[in-house]
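Annotated features in Swiss-Prot:
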type	residues	note
TRANSMEM	20-40	transmembrane segment
TRANSMEM	81-101	transmembrane segment
TRANSMEM	113-133	transmembrane segment
TRANSMEM	140-160	transmembrane segment
TRANSMEM	176-196	transmembrane segment
TRANSMEM	202-222	transmembrane segment
TRANSMEM	223-243	transmembrane segment
Amino acid sequence: MKSLFEQFEIDLYCIIITRFFDVSITTITVYLGLLMVIVIGMYKVSLYKATLIGNNNWQHIGEMIYEFVVDLILEQVGKPGILFFPFIMSLFLFVLTLNVMGLIPLSFTVTGQLLVTFTLAITIMIGITIWGFRIHGIKFLNIFVPSGIEPWLLPLLVFIEIMSYVLRPISLAVRLFANMLAGHLLIHIIGVAAIYLMQFYFIGILPWICVIAFMFLELGIAFLQAYVFVLLTLIYIANIINLH
């Protein structure tokens, strides 16, 4: 690659602009389409094989992910959180699959785009805020009022709580974006060094070993970042349900 950041450049394939929306097809659009095909295809294969031959590896993987997400919801939110299972399951698979897809050589890392992660984070926060007003009404605003505080401190703490709430989507988005960006840049740098050092025979093997090791590390980070993203989302949901 000519540039270190070339792998994060967004290509425009087709311009489609309607009266109200710009629905042009870009690299992000293509990879989101692939994401849907992969996730739906994986579960279709799992169900198809389960019908023909009973238990299979695909089914076991699906069940492991299902149980992992359910346990996470019960741990962070409790039984009321099961209502959010379809959303949390979809969110986890969305982030995890995009993270893993970005590890494929010469591919595009969708979660390495701040625009994508911020759009996802702000949509989540708007959605759970609307839900908070729906279940609590005007009492939802009590989430910004700490209990047991001296009256003269209340305005300052309410301001801090509001700012903390407003900044949540930014921290959620930047955390995922920064980790994926840094990891892929590191692999790129080590890969370029490995190609350069190949001319030194056995010395050139060492960087390639590092590349492979970092690829496995990035695979773990891909899962970890999906876990953290979903975990923080559940914590925010729990805060809204319990108003604290």
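Glycine is no exception: its Cβ is also placed from the backbone N, Cα and C atoms.
Just going by CB pairs under 8 A, the stretch in 113-133, 176-196, 202-222, 223-243 that sits most against the transmembrane segment (140-160) is 223-243.
For the transmembrane segment (113-133), the partner stretch with the highest count of Cβ pairs under 8 angstroms, out of 20-40, 202-222, 223-243, is 223-243.
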